[in-house]
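Asker: So Swiss-Prot lists these for the protein:
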type     : residues : note
ACT_SITE : LYS76    : active site, charge relay system
ACT_SITE : SER151   : active site, charge relay system
ACT_SITE : SER175   : active site, acyl-ester intermediate
Amino acid sequence: MHQMTLAEIARGLAEKKFSSEELTRVLLSRIATLDPQLNSFISLTEDLAITQAQAADARRAAGENGPLLGAPLAHKDLFCTQGIRTSCGSRMLDNFKAPYDATVVSKLASAGTVTLGKTNMDEFAMGSANESSHYGAVKNPWNLQCVPGGSSGGSAAAVAARLLPAATGTDTGGSIRQPAALTNLTGLKPTYGRVSRWGMIAYASSLDQAGPMARTAEDCALLLQGMAGFDPQDSTSIDEPVPDYSASLNTSLKGLRIGVPKEYFSAGLDPRIAQLVHESVKELEKLGAVVKEVSLPNLQHAIPAYYVIAPAEASSNLSRFDGVRFGYRCEDPKDLTDLYKRSRAEGFGPEVQRRIMVGAYALSAGYYDAYYLQAQKIRRLIKNDFMSAFAEVDVILGPTTPNPAWKIGAKTNDPIAEYLEDFYTITANLAGLPGLSMPAGFVDGLPVGVQLLAPYFQEGRLLNVAHQYQQVTDWHTRAPEGF
């Protein structure tokens, strides 16, 4: 039962082969048995899950039918869940129970999904390895000595280990796509504004976007259908009709123009990953796609621009955690200043403190123009590069990550090396574009992903290309040993 995809579960429930409650109990027992090896969950919500599963079964018995009705999933622990701990992977929010549900959570709940728990993540979503969590590192099910990627590493590890069929994630600079690549999943970052950010604890507000993580493009289409849509409570939500993503999965790729940027194949890319990228291009050509080289001339400026903009926004967003209204509060503060200083020093981990300091520096008087303003100008240039490329092609293809998963602890003392792992993913966030990572092979037994980017609101195109690719390859069907 645990091997089934979301689409297979939907069919099984519709045909009454099993009930949502039966499936939920099977998965909860798998999580109890296997998750101690992975540490992919921060909180389990067994009672809620059983209640929701029974309610979904009752709705189905009453004649209701829907692809997500009774489907089990988990939420990354930065989506507010009413009455359930929402920690953001931080000591700062270890005792925080949200008073309301995030829009993503409430939309999926009304579609009938069953919440099994909240997944582990890098603290405040700051990281590419899921090592900065207050609750300990998450292990990659493909090799328990390796990282699963981050910051949505808990969601990635849980889905890859077949603890559940799908999960929600968020992507600020690659936090859905990079862990999806490192754990053999399909992960989609939608267009900025496609999915509501209301109730999603912010890291960098102009970059954050929620999306689905699953084993197949078909499953991502089902989950995105339940997540996407306009939300008046989110001022950056875009009032654009939501297409039927599943309906667009079977479009022929004949004549589809795929652009491969020449700047992607630089010295930092593992040559074995480059080889797998070229092989995936050949598969798509066999399906009728036309491939041409494109250029993204400002790509080399993306990392420095991102690591000014994201920390700058984070330093502002995280100023609300001051030990006064909610979250961690230090013991016996001498005065208000001491309360602020010690609560933040004790509540935030070292990586979060590092990024707050970088961000506050970039926004400080005298440096704002030199750093933050320059970074925003580079951001505009990067967006323009994509617009020029998309005038010639329909989809851009390249590696998701420069390397496969690395050993836990290998980059802890070299944050720049970890930041460089986001080289291929952050441009989509800076430009607000949709991006998808799909499984494309293995290097030394570790999964590798290929990334697809498309123009604004063309998530359906990305899902279709990935789905067609997954009809002729079997990478996405492979499971880690022991799970």
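Placement of Cβ uses the backbone N, Cα and C atoms for every residue, glycine included.
Quantities reported herein were computed from a predicted structural model and do not represent experimental measurements.
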Asker: As a test of the contact definition, list every same-chain residue at least 6 positions from SER175 (active site, acyl-ester intermediate) whose Cβ is closer than 8 Å to its Cβ.
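Answerer: In sequence order, the residues whose Cβ lies under 8 Å from that of SER175 (active site, acyl-ester intermediate) (at least 6 apart) are ASP122, ALA125, SER128, GLY150, SER151, SER152, GLY169.
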Asker: Who sits close to LYS76 (active site, charge relay system): which same-chain residues at least 6 apart have their Cβ under 8 Å from its Cβ?
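Answerer: The list for LYS76 (active site, charge relay system) reads LYS118, THR119, MET121, SER152, GLY154, SER155, ALA167, THR168, GLY169, THR170, given in order along the sequence.
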Asker: Give the number of CB atoms, excluding that of SER151 (active site, charge relay system) itself, located within 10 Å of its CB.
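Answerer: I get 35 for this one.
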